[in-house]
Each structure stands twice: as C-alpha cells, then as structure tokens.
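Only one structure is covered here, and it is reproduced in the block below.
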Amino acid sequence: VVPDVLDLLVTPFVTLLVMSILGLFVIGPVFHVVENYILLGTKAILALPFGLGGLVIGGVHQLIVVSGVHHIFNLLEVQLLAADHANPFNAIITAAMTAQGAATVAVGVKTKNPKLKTLAFPAALSAFLGITEPAIFGVNLRFRKPFFLSLIAGAIGGGLASILGLAGTGNGITIIPGTMLYVGNGQLFQYLLMVAVSFVLGFALTYMFGYEDEKEVASEVATERLVQEETTGNIPVTPQNETIQTPIVGDVVALENVNDPVFSSGAMGQGIAVKPSQGVVYAPADAEVSIAFATGHAYGLKTANGAEILIHVGIDTVTMNGEGFEQKVAQGDKVKAGDVLGTFDSSKIAAAGLDDTTMVIVTNTADYASVTPVASGSVVKGDAIIEVKA
C-alpha cells in the first residue's frame, strides 16, 4: 500500500513501468505472433481461386471495422506491395466500403425524415472518401438491415475485384481517392466497374429490402413508448428545453476535435467532450440509467425531460475490459443530478496507451431543434455544458 503522500507520484510511475515491461516482453510478442497468423490467414484467403478470396474478405471487412482492429491489415498491404508491387487487398476493401456508403445513400434517398437525410448524405460522402465509421455507426447499424445487406454487396464486389485481378499500386486510400492507385497500371476501367457494381448492389439491396420509413419510424415510436412507460408511468415524455450539467470535472474539448471519427463526425449525435482532471463520473441531470456497461467505461441516461445522454469515458477504453473503472449504478437506477455514476483511473487509461477524453453526447439529437455546447475552458461539478431546445 502506497502512502497517500506518495500515491500521486509512485502509482502512475509503477503502473507505467509494469505495463511497459509487460507490453515489451509479454503482450507485444504474443500479439505479434497472433498478428502474423492473422496476416498469413488473410494471404491464404486472398489466394483462393474463382474470386472466393475477394468474396470472403469483402464480406467480413466492415465487420472488422466495427471491432476497430482493421488497421492491422496496413502491414499486410505493405508486405504485398514489397513482394509483388501490387495490392489486391486494396481493391477488395474498396468494394466493401463502397457498398457501405451506397447503403447509407439508399437510406438517405428513401427516408422522409429531413434530419436523417442530413445525417445520411454526409456520412456516405465520408465513406466514399475512405472513412466508413460515420455511415456504419450513424446510419447502417442503427437500422441493422442496411449494414448486413451492404456486407452482401461488398462480398459480391470483392469477388468481382478478385476475378478481374484488380490490384492497387499503393495503399491507404480507397474509392474516390483510390482511383489514383489504378491509373498507372492500366486497370482504371476495371476499378470503376467494380466500384459501380458495388455501389449499385449496396444501394439496390438496401432500397428494396433494407429500409422502410414507416416501419422504422413505428419501431422507434414503439421503443420510445416502452421506455416512457417504464420511466414515467405511462405518461408520455415530450422532449423539452433542458440544461445538461458536466458529468466530468476538467477542461472542455470541442467534439469535432476529439480523436475518434465516430464521435467527432457527429454520427452519434451532437454534444461536447471534457478532458478529465478528476476520475469521477457524475449524473448530468435527474435521469434513469438506461445503459450501464459492465466495463464501466460508458453510461446511457434518459433524463426526466426526455434527453437521451451517452457518457463515454475515453477513446477505445472498451478494450480495457473494466480495468481501472468502477461502476456505481445499474441499469434502471434513478439518479439525481450530481450523483456519482462511477469512477475511473486516468493513469491506467494512459498506461494502456489510450486517451481519457470523455464524450457527452445527446443521442436523440434529431428530436431537438438545437443541441448547443455552452461551456468552454475548465468546468466543475454542476456547471452547464449543453443546452437542448425542443
């Protein structure tokens, strides 16, 4: 047990030292072996005949993106380029990403909800520029069918890429910017054909089978009514003007400056972020706990006035599996503004190589006329950080 007077100095140092040693001599070597097997397996799949390799990789790539570990394949692409001066993996994932963006376009075209349209089209543009997370988390996974239908379209497009023998001359860019990788090798026409097929399939499947405005709206209304009945005794809760307090003591960070496109793009909703100076999460309003992740890194709340708030402590902290987090509430608990929801240890987050910046998101932003951050600089318990107006 470290004396309190030395805790601030000794604990972070020892934690960093131990984790560095484990990372260098245990975790690093183990994951290096695992990574090599994954890359060897992917190479073997790429070598499958009759377009099967492209079919498999094109079908699962966006699922891997959801997990957040897709960047390990950058090494595979470098190896392919070093060995053969060609990168067939790039063409296959281009098909998968094109289908994802096309599904989002289909939702945007078909919906009559203007707020969903304004979310879908920018998310699709982001996908066509090479970043599919806003499309995945903001639209397609939200309605489920568009995401899974886009996997089918991506698989077919990936299979076509393999059959056509498409291989880029570089890596790191796809779809629109990716055209530059196929100009010098004489494959531009085939590349554009593959992109067109992937887009048409992703769009058509989603438009015909993946999204129905009336059904989706009815489903959301039914879910909303169920939540209202559970939290307000069958009295409908219409979103009202409300001021949200900071759940974190620290320094305000604009949401667009957060180093995670899922949040910074606004795909999850509008809000604000705070760089913590204390490891305590407070309730930002009188609310019911709708979600309390077992890992303690995130909380979902529904306030008495109808705001649905996500508090996400840190970036990619789900990978810590609860280490350094302590949850003080459970799903269904009623809390008052300022009540403690949980605690976390920023030094352990830092030791894991992660950012403890905490996002505060109004996930039902579409229900409001405006969601406005109102804080800057340092904030303490009880300070207002967001104003919502119905």
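Going from the start of the chain as shown, residues are counted 1 onward.
The backbone N, Cα and C atoms fix where each Cβ goes, glycine too.
Here the structure is a predicted model, which means the values were calculated and not measured.
TrEMBL tags one of the stretches 46-69, 70-93 as transmembrane segment, and that stretch is 46-69. Most Cβ pairs within less than 8 Å of the transmembrane segment (46-69), among stretches 12-34, 119-141, 147-167, 188-209, belong to 147-167. When pLDDT values are averaged over the domain 'PTS EIIC type-1' (1-225), the model yields 90. Within the chain carrying the transmembrane segment (12-34), a Cβ under 8 angstroms from the stretch's Cβ atoms is held by residues 347-348, 350-352, all 6 or more beyond its ends.
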